[in-house]
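Copied over from Swiss-Prot, here are the features:
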type: BINDING; residues: S9, S15, V16, S17, M97, W98, N99, F100; note: FMN binding site
Amino acid sequence: MHILHIASSPRGERSVSLKLASRYLETLTSLHPESTVDVLDVWTIDLLPFDGPALEAKYADLQGVQMSDEQQAVWKQIHALGERFHRADVILFSVPMWNFGVPYRLKHLIDSVSQRGVLFEFDAQGMRGLLKGKNVVVFASRGVALGEDFPTEAYDHQVAYLKTWARMVGIPTIDAVLSEATLADPATAEANFTAALAEASKLAAAVQP
């Protein structure tokens, strides 16, 4: 089993979402020691600006126009990034909530790699995702708890966004574990985190290779 872990918090070992993902991976690899993990840290990877040559390459591809050498080089890098998704059996996101959404570097990664011929295609029925048969697991942290003041259906642009992306690339359902109210009083934050850790272990134990 091969896991692609997309780490999107810049806080390192202090990150709640990363701690949850680490618990999941520790449990999973202890049960399936043959598993391999590819860590894609959005804060350390060299993401190309998606403008200029990258944008022109995108439209050249869509329109069937010959790319320049510069555009071909950029497009080759995007395909290489996409291969990391294709090689994975499990795509794992550890993601904090920033302003009700995801960190901008994660959005940059997704915008770069989600291209025709990389993660999806068009056919007679419309868009067809190319990552069918894979699992997506999201470990999400939130400083506040969504609820009465901030209804989930209106304010969740974190897990809901990743669900939408997963459907676009051919993965109809995802598993998500939340640790909310990380900025609340210590007792509340710790209780939520402890429950989320247990859920992460349980989710990993249920994985079938």
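Glycine is treated like the rest: Cβ placed from N, Cα and C.
Every protein chain considered, the tally of other Cβ atoms within 10 Å of the Cβ of S9 (FMN binding site) stands at 23.
M97 (FMN binding site) counts 23 other C-beta atoms within 10 Å of its own C-beta, drawing on all protein chains shown.
Using a 10 Å radius centred on the Cβ of V16 (FMN binding site) and all shown protein chains, the other Cβ atoms total 24. Ranking the binding-site residues S15, S17, N99 by other CB atoms within 10 A of the CB puts N99 at the bottom.
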